[in-house]
Each structure stands twice: as C-alpha cells, then as structure tokens.
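Pulled from Swiss-Prot:
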type     : residues                          : note
DOMAIN   : 8-98                              : domain 'EH 1'
DOMAIN   : 40-75                             : domain 'EF-hand'
BINDING  : Asp53, Asp55, Asp57, Lys59, Glu64 : Ca(2+) binding site
DOMAIN   : 135-224                           : domain 'EH 2'
COILED   : 287-348                           : coiled coil
REGION   : 339-362                           : region 'Disordered'
COMPBIAS : 339-350                           : compositional bias 'Basic and acidic residues'
Amino acid sequence: MPRLEESEIKKYWQIFQGLKPENNKVSGEQVSPVLKNSRLPQQQLASVWTLSDIDNDGKLDFEEFCITMRLIFDLINGSISEVPLQLPLWLIPSSKAALIQANQAVNLGRNLGIDYDDDDDGLTDDFDWYISPADKSTYETIYQLKNDRFGRIRFDSLESLYATLRNVPKSEISSAWNLVNPKSFETIDKDQTIVFLHILNQRENGKRIPRGVPASLRATFSKEIPNYNLDAQVKPQHTTQTQASKRSFAEDYLTKLGHNGKSLFSLLAPLSSGNDRGTDFSATQGTDWEEVRLRRELTDLENLLEKIQNRSDKDKKDDEEQRMVKYEFEQLLKYKQEQYDRQQREREVEGSGGSGLKQVEK
C-alpha cells in the first residue's frame, strides 16, 4: 500500500475539523457518524478503532484519525480484506513509534505467558522522585550533548545511552519515555529529559518504574511550555541509593563522549577558587546572620557573573557554553535577590528593634 499523500492528509484534516475536536481530539461519539457511513460491519469498525487508538484514551487525535480513515478507505476499496492485527510500519506516526513498540512488547509477553508479577521481578518500590544536584548535573550534561538546535530531544538520539543500561529492558525505556511525554510528541524538552533520565537511573539501580507521575509533573508535561521547578520537589529525609550507584549512571556513556561525567559548572572551578569563596554562614540560618549571609552571597554572585562575562568577551570559542553558564548564574542571582528582598520585607513588617547585627554589617 502507498504512503499517505499530502492531499489525502489535507482531506482528513477537513473532516477532522468538521467534527469539532476538543483539545485536538475527537470522541467515539463524534466519529461515529463517519464510521457508520462506511457501512462496514460493526466488528471491523471496532477493530479499526482499537488499532487506531494507540494511547488507549478512548479518543483520537489527528494522527490516529488519519489511521482510522485510511484503514476504512482501504477496506472499502478492497485494498485490504481484513483489519490488520497490527499497524504497518508506513502507517505508524513517528511520534507514536515508541508507544507502539512498548505496547507490542507487553502483548508479546502476554502471548508467551511471561510472568510480570511485580513481586517476582527483583525490583523495589522505593522509587524516589527527588533529583539531587549531582544527578541533575549529569542529566543536564547529557541533554546539552544531545539536544537539537531547537533544544529538543528525540527518543532515538539517546540510543547510545540505552546501550549502556544493563538492567533496563527496551520496553521499559519506552515506558519511561511515555510517562514524561503524555502527548506523544516526537521530541521532548529539557525538563522532560531530566525526569526521563532520572527514571532510567532509578530503574538501572533496581527501582520499579511507577505507573504514573506526580500530579505536579503531569500538569507540567501537558503544557506546551513546561514550568519545571526543582525547588518545588521536597527532599526526602533518607537516601535510597548509595553514592557509588549515583555516580555510576551514564558514567561510561559520558566518558565515551569525552566529558567524564563533568557538568557545565565544572567550567567555573577556576573562577570560584581562592578568595572568591566567601564565608560560610549556613550554620546561622534562621538568625540575623542570615541577612549577612545573603548579602555576601549576592555580592559573590555578582562578582562571579562579571568574571564570566569578561571571560566570554575574551574567548568566543565557547560562546554557547558560556551563555548557558551565564544564564544559570543569572537565575541563581535572581533567586538570591528575591530571597533577600523577601526577608527585608518580613523585617519591615515585624518592626525594628533588636539585634545590633546591622551595626556589625556596616
């Protein structure tokens, strides 16, 4: 059978829009008149729907609708006599290839009588959604190496990473991809990539992949422009992985790529050494020393940002990398400034009187 032609897709688009889709999807009730007009047997129509509804949500997006229409036309025209057991490769949307692959793997396991009892797979249920700074740095390094010019990541762009995972079957890699990509787009952004890699990391270390994601992440992944905020994740009081296992994720992979697991922040080591480190007032948090500490951090960050800018002017070869480092420090500086301003407002509400530490600061 030939591939879908552009004129054919345009025709399906007109029909799809005529059904007045909601959230870019049409329900069975909306599609029912179109299906019944084909005068095909009810059993065949049901099989077409089952085959086309790839994500099993009871609705069809435009790609799934195109599959439905093409199968119906082929049945009517006699190009095929029966609904195929699975979609031909030429009819599979690239954005849903990973999902179909995962579904086929599960179905194959059922047909072979493979036991998927969670209690017997040797995995634990203590999956941890918290992403430590060290892990996040590793994930960001992989993202920087593999994203395209639009800042997006394709599923197959990480094939070389998948090959280094000894304990993660291909079907579970696809499942992890689908968790962070509920809209089945062909690519995912940085925020989704970080969580995707974290899921693979946890699974590689013996943690069972959850069946869903937290509500906050689910809402984030459903947006066109996610608002991923690591600070919103609550750090647990216990660690579920050893430090050695955390360091091991993607270490071989990054070594092959010549990065040896280093993050972008490793570039700042020469800039933040010596006298630029400042005094650590972390033990005094919650006292008036917190104000002194914040003011010192703001000053240090401003000085460090200035050095980064001067370095960028002198060395244009690392322009893209410098921009990323600069952006990350600008965001950190903004956060610290807001934290300091908020503390100042709270002090104004509480009123003055007391500590005498402002005299020390002066």
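Cβ atoms here come from the backbone N, Cα and C positions, even for glycine.
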Secondary structure content of the domain 'EH 1' (8-98), with strand meaning DSSP E or B: 56 helix, 7 strand, 28 coil
The domain 'EH 2' (135-224): DSSP-derived helix, strand, coil residue counts: 53 helix, 5 strand, 32 coil
For the binding-site residues Asp53, Asp55, Asp57, Glu64, the one whose C-beta sees the most other C-beta atoms within 10 angstroms: Glu64
Ca(2+) site, defined by Asp53, Asp55, Asp57, Lys59, Glu64: further same-chain residues with Cβ within 8 Å of the Cβ centre: Lys25, Ser52, Ile54, Asn56, Gly58, Leu60, Asp61
Close in space, distant in sequence - Lys59 (Ca(2+) binding site), Cβ under 8 Å, 6 or more apart: Lys25, Val26, Ser27, Gly28, Asp53
Residues in the compositional bias 'Basic and acidic residues' (339-350) grouped by DSSP into helix, strand and remaining coil: 12 helix, 0 strand, 0 coil
